[in-house]
Amino acid sequence: MNAITTAVPAADDHTGVNGTALAVLIILFAAVTLMGFYASRWRRPTSMESLDEWGLGGRSFGTWITWFLLGGDLYTAYTFVAVPAAMFSAGAVSGFFAVPYTIVLYPIIFVFMGRLWSVSHRHGYVTTADYVRGRFDSRTLSLAVAVTGFIATMPYIALQLVGIQAVLEVAGLGGGNNWLAKDAPLFIAFALLAAYTYSSGLRAPAVIAFVKDTLIYLVIIVAIIYLPHKVGGWEHIFGAAEHKMATPNPIDGKPTGAFVPPASQHWAYATLGLGSALALFMYPHSITASLSADDRNTVRRNASILPAYSFVLGLLALLGWVAIAAGTKPIGLDGKPNAQLVIPQLFEDSFPSWFTGVAFAAIAIGALVPAAIMSIAAANTFTRNIYKEWLKPHATVAEEAKVSKLASLVVKAFALVFVLTLDKQNAINFQLLGGIWILQTFPAIVFSLYTKWFHRWALLAGWAVGMVYGTVAAYNVANPRGGIHHFGGSLAQMPVIGELGYIAMTAFVINVLVAVVITVILNAAKVSNGSDETIKGDYFAVAGDPRVKPLPEPLSESTPSP
Amino acid sequence: MSAERQSGAGVDHDTIPPANTTLLIVAGVLLALPIVALMWVASYSRVDPKLGAFPFFIWYQFVWVFLCSGLTYTAYRLVLKARPHRPMTDETTEGGRR
């Protein structure tokens, strides 16, 4: 970040501000900001001063809004920057796994999300930690789930900023040597995001998601039709990719990456896909978007139409290889190569500048939707499961909403400070750890939707062991090519199997084994498993059943302040 | 499957609503297919046969996007049929049944 000396020689090539592109980017961004503020009036809530309204959009989103919201939420700006970047620099195993990941994701959520929706709506749960609290009567296990979700989400928000930064950097902004010129654009973008999230809650990202997805689809379809033709056809693209991946890396002499995963990396490819898929819907922001659906079946119907995004993600991944054929040189404003810039750079090199602006806007706006939902979800978790549970048990509904709004500001401010003061690599490291950590909450949340067999202390012990194992294993991964000694990647050798595998998956298996063994012991010793406030029928309730309603809080009829 | 057509009165709601197990198993198999197919990486990590310029590895996974979508939707229809909704009655709060 401070390599001023190296920045000088490269300055001529890369600090040129792309005026037209920047103008288009700013206009689209401004339009979206206005929509964000207007969103509080959309679908007319009587009051925003309850967490149900602010944090779950009144739990009233139908199939299509849910589709846009979930799609806008899960396929983040960072995904759009990082997946093609991984394809570009490391090949199919670390890049294209995103496709099987986002395919197997949907059968998995189809299976459990209906139950989670039903039980949450019968008992007014807003977060997974709420559910765990009610299901196991355990504040400790609930706190473990809440803290894991909260901590795993923070770096994810920071990475959305990294996505915006990549666009701004290629557009020529943020290159100045003084702090203000360098960071002001990012600062303004996030201040606007914070302001309309504060006033409109979950409605803001739901409205903006329409724009985001339309722009993303437009840009990717144009890119995937126009660019291959421009760089010499798919034959040439795959040829160039195969050649680059087979070329030995100068540092370790091994091939640069995989064009098609070799036998030694099949486990890695499979576990990355499955582990990521199991983890994604444990994140608070995925749960928030799912619970805001208006009915149990809205979520399940969505599982069959959401793969449309997976298709687009696959095309986008291939753009990383298009960039290889196009000879894209992703070089940051500091003059160093930075693979994360490959997609914005490819767009700037190949498109007319007005369309480059549209493409940049798509990525930047793509960062806003998930960042807004993540901060709302993290704030919900903090308010309900930490503030209300541990700090102020008698908080009123209006107080809850107020704390939640403030917490969402704090979370975003933290993400901004994180990205501005620390090296980007830290955000990526923590995101990697976040993925490993969040998967460790899976047994407590999902297994318990089906069976009462697991013991709460056994689940807690499994979670703890999984967290420690995953953290240590990730710490020990070195990446000599990047000159990184710790947190160098998400793959490590799996015990017993002996092949490379996704650390989160290994930790998950260990977690489950521990939970099973200790459950057997505790059940044999007849240790109390707490009182379960849910009944079996709760897991099958639909909209219209008793108590399955947005909480009818009799609040004053006030319009939310903009 | 006529019992759950009746209203929820007199039903113990701390039980799993009755379902057609065969249909549920079929739905489960449909949902498991994409997972098994894609986790079996050895079955598709190859270049040939190509589709146009696209290696098998790439286009095969794109095909699974559509297959998975279709299978999930079929499973959805089956599950709806297998376990018709049993209306709930509220035993604890104000309302009776609706």
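Placement of Cβ uses the backbone N, Cα and C atoms for every residue, glycine included.
As recorded in TrEMBL:
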type: TRANSMEM; residues: A:20-40; note: transmembrane segment
type: TRANSMEM; residues: A:61-81; note: transmembrane segment
type: TRANSMEM; residues: A:87-112; note: transmembrane segment
type: TRANSMEM; residues: A:141-159; note: transmembrane segment
type: TRANSMEM; residues: A:179-199; note: transmembrane segment
type: TRANSMEM; residues: A:206-227; note: transmembrane segment
type: TRANSMEM; residues: A:305-326; note: transmembrane segment
type: TRANSMEM; residues: A:354-382; note: transmembrane segment
type: TRANSMEM; residues: A:403-422; note: transmembrane segment
type: TRANSMEM; residues: A:428-450; note: transmembrane segment
type: TRANSMEM; residues: A:457-478; note: transmembrane segment
type: TRANSMEM; residues: A:500-522; note: transmembrane segment
(message) Within the same chain, where does the transmembrane segment (A:61-81) have neighbours whose Cβ lies under 8 angstroms from its own Cβ atoms, ignoring anything closer than 6 residues to its ends? I mean 6 or more beyond.
(response) 98, 102, 156, 159-160, 162-164, 166, 205-206, 208-210, 212-213, 216, 280, 285-286, 289-290, 292-294, 298-299, 301-302, 305-306, 308-309, 312-313, 316, 340, 343-344, 363-364, 366-367, 369-370, 373, 431
(message) Are there residues at least six beyond either end of the transmembrane segment (A:457-478) with Cβ under 8 Å to its Cβ atoms? List them, or say none.
(response) 136, 138, 140-141, 144, 148, 432-433, 436-437, 439-441, 443-444, 447-448, 484-492, 503-504, 506-508, 510-519, 521-522, 527
(request) Using a Cβ-Cβ cut-off of under 8 Å, list the residues of the same chain that are 6+ residues beyond the ends of the transmembrane segment (A:179-199) and lie near it. (result) 29, 33, 36-37, 39-40, 48, 161, 164-165, 168, 173, 205, 364, 368, 371-372, 375-376, 405, 408-409, 412-413, 415-416, 419-420, 560-562
(message) Should anything in the same chain at least six residues away from the transmembrane segment (A:20-40) have a Cβ under 8 Å from its Cβ atoms, list it; otherwise answer none.
(response) 48, 167, 171-173, 189, 192-193, 195-197, 199-201, 203-204, 206-208, 211-212, 215, 348, 353-354, 356-358, 360-361, 364-365, 368, 560, 562
(message) Between the transmembrane segment (A:141-159) and the transmembrane segment (A:428-450), are there three or more CB pairs that fall under 8 A, provided the residues in each pair are separated by 6 or more in sequence?
(response) yes
(message) How about long-range neighbours of the transmembrane segment (A:354-382): same chain, 6 or more residues beyond its ends, C-beta under 8 Å?
(response) 18, 20-25, 28-29, 32, 36, 51, 54-55, 69, 72-78, 80-81, 126-127, 129, 146, 149-150, 153-154, 156-157, 160-161, 163-164, 166-168, 170-171, 189-190, 193, 196-197, 201-202, 204-205, 208-209, 211-212, 215-216, 218-219, 222-223, 283-285, 287-289, 343-344, 347-348, 403-408, 411-412, 415
(message) Using Cβ atoms and a strict cutoff of less than 8 Å, what residues sit near the transmembrane segment (A:403-422) while being 6 or more residues removed from its termini?
(response) 51, 54-55, 153-155, 157-158, 160-162, 165, 183, 186-187, 190, 193-194, 197-198, 201, 371, 374-376, 378-380, 382-383, 387, 395
(message) Restricting to CB pairs under 8 Å, which listed stretch, A:141-159, A:206-227, A:305-326, is in contact most with the transmembrane segment (A:87-112)?
(response) A:305-326
